[in-house]
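Annotated features, as they stand in TrEMBL:
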- 15-69: domain 'Mur ligase N-terminal catalytic' (DOMAIN)
- Gly99, Thr100, Asn101, Gly102, Lys103, Thr104, Ser105: ATP binding site (BINDING)
- Lys208: N6-carboxylysine (MOD_RES)
- 322-446: domain 'Mur ligase C-terminal' (DOMAIN)
- Arg372, Asp396, Asn397, Pro398, Arg399, Gly444, Glu448: meso-2,6-diaminopimelate binding site (BINDING)
- 396-399: motif 'Meso-diaminopimelate recognition motif' (MOTIF)
Amino acid sequence: MKLGTITGGDEPQTVTGFAIDHRKVAPGTIFGAFDGARVNGEDFIPAAIAAGAIAVVARPEAVVEGAVHIAARDPREAFARAAAQFFAPFPPTCVAVTGTNGKTSTVEMVRQLWRMQGHHAASIGTLGVTTADERVVTGLTTPDIVTFLSNVAGLAREGVTHVAFEASSHGLSQYRTEGLPVRAAAFTNLSRDHLDYHGDMASYLTAKLRLFSEVLADDGVAVVWIDDPHADRVMDLARVRGNRLITVGEHGETLRLVGREPSLLGQALTIEAEGATHKVQLPLIGAYQAANALTAAGLVLATGGTLAATLAGLARLQPVRGRLERAVILPNGAPVYVDYAHTPDALEAAIAALRPHAEGRLIVVFGAGGDRDNGKRAPMGEVVAAQADVAIVTDDNPRTEDAAQIRAQVLAGAPSATEIGDRRAAIRAACDMAQPGDIVLIAGKGHEQGQIVGDMILPFDDVQVARDCAG
Ligand SMILES: CC(=O)N[C@H]1[C@@H](OP(=O)(O)OP(=O)(O)OC[C@H]2O[C@@H](n3ccc(=O)[nH]c3=O)[C@H](O)[C@@H]2O)O[C@H](CO)[C@@H](O)[C@@H]1O[C@H](C)C(=O)N[C@@H](C)C(=O)N[C@H](CCC(=O)O)C(=O)O
Ligand SMILES: Nc1ncnc2c1ncn2[C@@H]1O[C@H](COP(=O)(O)OP(=O)(O)OP(=O)(O)O)[C@@H](O)[C@H]1O
Ligand SMILES: N[C@H](CCC[C@H](N)C(=O)O)C(=O)O
Ligand SMILES: [Mg+2]
């Protein structure tokens, strides 16, 4: 059904659009008034109506005068449903990925695998909206519901039939990715992050599980990286709802990873599937990239891909921007890698990925973001202090916080680390100390193009800065 008109006033009125920010309301808009982390959207209802809103989705107790009040206990959910009716149709095959780490990598790999199988595919997430032809940056991992639905509908109009999107925990708890049928949903892993927003690990997990308990279609497929300790929770939900389950990993039923041999430019995977043993040369390094590749393969199998084509596709995967990306090789032969690790678990995974390739030392430059979970800072320091040979603590998007204080909280977990606040100077110091056989890892910013200080975004690209050091 297409939502075209709204009744409740004197006569039906034509709906022209949806907005959750009163500054984006035009005549004919349906406005969603949500209580947020900073302000209460209900305070902007009069301004939205003055700007032409014809209906307002808000809690029953909100005051709506001069427009239709669509009252709902959970206005975000009700708004998402209505907006989806307005923006439909969507591509027939949409899949979602949640988990603390690996969402961006997995959706990008799914997009690539689908494309290799001849589909018109796109991915949406931290890197923006990516199609075969272009990448448009949106700013958030999961954009707001209006941007999300209009983007997905726009892709359908362009002929895209397959979309893989990231469902962040923030996005799931704020209903930013609702309303379209999700044919398959994947879980990568759960570890510490975002507790500033969710409070504790149990609530953080609950937010992620909503993808499986509510968002995944009744006849959808749950794809699970089974080696994560929280995988059982996802599988329980799938069993209760009667969803088909695809499990991947060392304990996987569908794709069982029985061997992983690092090679110079990638790794040889041995996978048991459909009663046979398959060898795949994955052109990406690190256990974590193998995990994401298998999860992506699970999603492709869930949406009609054959085993043969999907496993063959893994051997042709292109690297994901900013994820163990080799930025440069220094004149003395030491490589410099850029990775988006910004949690303790991710740092451990990135360091473990590079360790087999380092004949000498592993030198790690890292920091923690401001206005984000401060409880992850010391554990990030601990991981690097324990796993790397040289640790350099620097700044990574201090935002509105005091950068020196963030560094001190990281250093609390890595007391012997070197502190160099200026990120460019820190990267230069790491490159200067690298000897032949060493590896430099610059963690935290990956693909990011700026350093956020206060409300300014100062241009900054780890890859470019590393190249400057080499030249
Ligand atoms: C904490 C958080 O997630 N905030 C997001 C959330 O804001 P909120 O609902 O709490 O909004 P609010 O600012 O309190 O305002 C409440 C309501 O009033 C409306 N409003 C507000 C002001 C005004 O003048 N007029 C008006 O109508 C707002 O549009 C909103 O609907 O909804 C907004 C619109 O969707 C987001 O822009 C905003 O993201 C902020 C900027 C943010 O930094 N979010 C980060 C933490 C985030 O979401 N990150 C995850 C990544 C996680 C990961 O991948 O690891 C992501 O998915 O991107
Ligand atoms: N499966 C995994 N297991 C452990 N660590 C991982 C895994 N996948 C990725 N990582 C680490 O997390 C970093 C971010 O990866 P990616 O961007 O794919 O995750 P994400 O879930 O999209 O992150 P974000 O929440 O910021 O959007 C990588 O650079 C790597 O260090
Ligand atoms: N999606 C993550 C990205 C963190 C990247 C890191 N560079 C930082 O700023 O902490 C977040 O918003 O928490
Ligand atoms: Mg991401």
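Quick reminder: no glycine exception, Cβ is built from N, Cα and C everywhere.
Because TrEMBL annotations are produced automatically, they should be read as predictions rather than curated entries.
Remember, it's a predicted structure, so these values are computed and weren't measured experimentally.
On the structure: features taken from TrEMBL.
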residue : record                                : Cβ neighbours (10 Å)
Gly99   : ATP binding site                      : 26
Thr100  : ATP binding site                      : 22
Asn101  : ATP binding site                      : 24
Gly102  : ATP binding site                      : 27
Thr104  : ATP binding site                      : 24
Ser105  : ATP binding site                      : 31
Arg372  : meso-2,6-diaminopimelate binding site : 21
Asp396  : meso-2,6-diaminopimelate binding site : 28
Pro398  : meso-2,6-diaminopimelate binding site : 22
Arg399  : meso-2,6-diaminopimelate binding site : 16
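Cβ neighbour count for the residue listed as 'N6-carboxylysine': 24 (other Cβ atoms within 10 Å of its Cβ, all protein chains included). DSSP assigns Arg372 (meso-2,6-diaminopimelate binding site) to coil in the three-state reduction, placing it in neither a helix nor a strand. Looking at Lys103, Asn397, Gly444, Glu448, the binding-site residues in this record, the fewest other C-beta atoms within 10 angstroms of the C-beta turn up around Glu448.
When DSSP labels each residue, the domain 'Mur ligase N-terminal catalytic' (15-69) comes out as 13 helix, 15 strand, 27 coil, counted as helix, strand and coil in that order. The two recorded residues Gly99 (ATP binding site) and Pro398 (meso-2,6-diaminopimelate binding site) have their Cα atoms spaced 24 Å from each other. Taking Cα separation as the measure, Thr100 (ATP binding site) is nearest to Lys208 of the recorded positions Lys208, Pro398, Glu448. Each residue in Val97, Thr106, Glu166, Thr188, Asn189, Asn292 lies on the same chain as Gly99, Thr100, Asn101, Gly102, Lys103, Thr104, Ser105 and has a C-beta within 8 Å of the C-beta centroid of that ATP site, without being one of the site residues.
Checking the recorded positions Lys208, Arg372, Pro398, Arg399, Gly444 for a CB within less than 6 Å of any atom of ligand 2 leaves no residue at all. Checked against ligand 4, the binding-site residues Gly102, Arg372, Asn397, Arg399, Gly444 give no residue with a Cβ less than 6 Å away from one of its atoms.
When the Cα of Lys103 (ATP binding site) is compared against those of the recorded positions Lys208, Asp396, Arg399, Gly444, Glu448, the shortest separation belongs to Lys208.
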